[in-house]
Amino acid sequence: MSVVCEIWFAFSWLLDQLPKLCPINRSTYLDVLKEKFEVPSPNNPTGKSDLPCIDVFVSTVDPEKEPPLVTANTILSILAADYPVEKLSCYVSDDGGAFLTFEAMAEAASFANVWVPFCRKHNIEPRNPESYFNLKRDPYKNKVKPYFVKDRRRVKREYDKFKVRINGLPDSR
């Protein structure tokens with residue numbers, strides 16, 4: 001009986017190892033997805049997006065342990081995702097019920113009116129404003145649009161004001 005079990009375990013181990021010898025690498029082609037889901041076709045005569053609705057839940061507890069700026073940047077990166085606006089919902093769950101988080105999300109909502117259109121207009125990556133403005137590479141590289149520099153400076157100024165407002169919230173209590 002033990003010999004049969006050993007043979008079975010060896011066989012199952014071999015089956016487990018075979019996919020690792022020849023891994024499959026997949027990549028996403030966004031233009032093909034857009035063509036498939038957002039272009040009028042017999043299956044989609046209106047050309048509206050057939051992509052599924054997505055609900056994203058961001059949970060936070062204590063603004064002292066999880067800075068509101070980090071939560072706000074997370075929300076902004078979700079809202080700026082390259083996904084149809086009508087199919088994307090973002091919810092914030094604050095288990096601690098802190099008024100500070102509420103105020104920070106109100107500030108994030110006002111800054112989103114500037115950040116989200118900027119991201120969509122210029123195809124900005126990464127979508128998190130803190131990560132984007134702290135990039136070590138040249139942000140103007142491969143950007144041939146003359147108004148990009150002006151827009152980026154304007155959004156950077158707005159983001160700096162946004163950070164000051166968010167970081168000043170605990171002092172206002």
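Counting begins at 1 with the first residue displayed.
Placement of Cβ uses the backbone N, Cα and C atoms for every residue, glycine included.
TrEMBL entries are annotated by machine, without manual review.
Pulled from TrEMBL, these are the features on record:
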- Ser59, Lys65, Glu66, Asp95: UDP-alpha-D-glucose binding site (BINDING)
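Projection of TrEMBL feature records onto the structure.
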{"residue": "Ser59", "record": "UDP-alpha-D-glucose binding site", "Cβ within 10 Å": "11"}
{"residue": "Lys65", "record": "UDP-alpha-D-glucose binding site", "Cβ within 10 Å": "8"}
{"residue": "Glu66", "record": "UDP-alpha-D-glucose binding site", "Cβ within 10 Å": "17"}
{"residue": "Asp95", "record": "UDP-alpha-D-glucose binding site", "Cβ within 10 Å": "10"}
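Excluding Ser59, Lys65, Glu66, Asp95, which define the UDP-alpha-D-glucose site, the same chain contributes Thr60, Val61, Asp62, Asp94, Gly96 within 8 Å (Cβ to the Cβ centroid), listed in sequence order. For the UDP-alpha-D-glucose site listed in the record, the two most distant Cα atoms among Ser59, Lys65, Glu66, Asp95 lie 13 Å apart.
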